[in-house]
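Novice: Handing you a structure now.
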């Protein structure tokens with residue numbers, strides 16, 4: 001049974017309930033040494049799953065459906081999330097940006113690998129299926145399937161960080177490669193990372209990152225899609241922040257960790273059968289190398305990522321402001337200046353999303369893609385911005401972030417609460433419970449293990465720091481922008497030579513130059 005078969009109607013996306021039901025498919029998820037029987041009820045995953053289900057319910061809610069959805073283009077007469085159907089104009093890209101933002105606000109920007117993230121991949125399949133050569137029909141089929149149901153895909157495209165100085169074909173015992181061709185498909189084995197939130201997805205796309213050395217062995221030159229319950233495919237998860245928050249605290253203590261933890265995992269494939277209809281690239285080095293720059297995903301996912309980050313910075317900026325209201329620090333000029341810098345970062349990323357659709361360009365199949373210049377700026381600047389914002393919060397909120405009781409149970413102890421009401425009260429008449437609630441929220445955002453993981457996530461979201469800068473340079477050269485910049489400099493240098501100005505509208509200083517008079 002396919003995940004989309006859990007829907008009561010084939011003309012609409014999953015509801016939240018149908019989405020949760022589709023995850024109960026005997027997938028192999030392991031955490032703390034045990035196999036998870038049901039990710040929708042296991043305390044390591046259940047609130048994250050419920051948060052994801054809420055996104056699906058929003059697609060059907062009359063209050064949000066119009067903002068989030070439009071008609072499919074597959075001929076099924078249904079509707080879908082706007083980012084699951086490729087845009088045919090700059091204005092449609094704007095509508096997609098707004099739909100991404102609307103969905104992201106339901107998690108306050110804290111879940112990055114929501115279904116619309118990989119919708120960037122699905123949309124590109126429909127706009128440019130010819131990129132996949134002999135697997136073009138597979139691309140068309142997957143575009144239709146992903147769009148009509150709003151299937152939840154994730155990807156695992158990074159090889160485990162082992163012998164990174166060697167081409168992949170020299171680490172054959174670790175990296176995913178073809179074992180053999182069999183009747184109806186291929187058998188593959190190996191591992192990929194970091195399969196973020198894959199425990200809660202329907203399918204995983206397995207491919208190659210943009211900066212990996214592929215070597216000469218075509219066994220590694222492949223890309224495919226696999227259902228999460230494929231026999232032989234396993235996820236080995238990192239510790240669950242949701243579970244730890246439940247064991248050692250409460251929603252009051254860990255309001256973000258408790259519900260928005262996207263568990264990262266090692267994806268292991270042990271002789272997994274992949275039918276030909278799920279293969280997109282096979283033994284083709286050139287297509288693997290060109291997939292990121294030419295396949296479309298590399299131009300679409302940054303709009304989802306930048307919009308999601310902008311929503312997240314709305315939240316972080318608001319939480320910072322409230323925290324400073326707690327401490328009474330907002331009246332200080334220096335603090336106001338630092339908060340203003342955080343606001344400027346927030347404004348920058350919203351402005352980049354405007355530029356992405358505002359300077360869009362037409363691509364294959366009548367599709368419009370976001371501005372390459374704007375998305376490259378986002379990919380380079382976001383990893384710089386997030387640590388700077390975190391540092392600012394640590395500086396201006398300072399000890400307020402840890403000047404807190406251990407947990408909500410301290411508030412329930414009358415002997416302790418009477419002290420907390422005095423020594424942990426907020427400024428300007430704010431009660432101690434409100435102050436503690438605000439500062440615990442901000443600590444969970446930046447200081448808890450959940451918060452630390454988010455900093456790592458944002459720093460490495462787009463990949464290697466060197467590579468994203470080199471891609472920005474290559475884009476400037478390839479687009480002709482660098483030629484224009486050089487031309488401006490050359491034009492300036494052409495305005496003068498060693499004898500003075502070469503343009504007729506300027507005056508040489510022969511009549512006033514003192515050095516010439518002295519020399520005479």
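Cβ coordinates are placed from backbone N, Cα and C, and glycine is handled just like the others.
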Novice: Starting from the FAD binding annotation in Swiss-Prot that includes 155, 156, 157, which of 114, 196 is the extra site residue?
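Specialist: FAD site check in Swiss-Prot: besides 155, 156, 157, the record includes 196 out of 114, 196.
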Novice: Hey, of the binding-site residues listed (156, 157), which one tops the CB count within 10 A?
Specialist: 156
Novice: Comparing the binding-site residues 155, 196, which residue's C-beta has the most other C-beta atoms within 10 angstroms in this structure?
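Specialist: By the 10 Å Cβ neighbour count, 155 comes out on top.
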Novice: Three-state secondary structure of residue 155 (FAD binding site) from DSSP?
Specialist: strand
Novice: Among 155, 156, 157, 196, which the record lists as binding FAD, how far apart in Å are the two most distant Cα atoms?
Specialist: 11
Novice: Other residues near the FAD site, CB within 8 A of the CB centroid of 155, 156, 157, 196?
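Specialist: Other same-chain residues with Cβ inside the cutoff are 154, 158, 192, 193, 194, 195, 198, 204, 205, 206, 207, 267.
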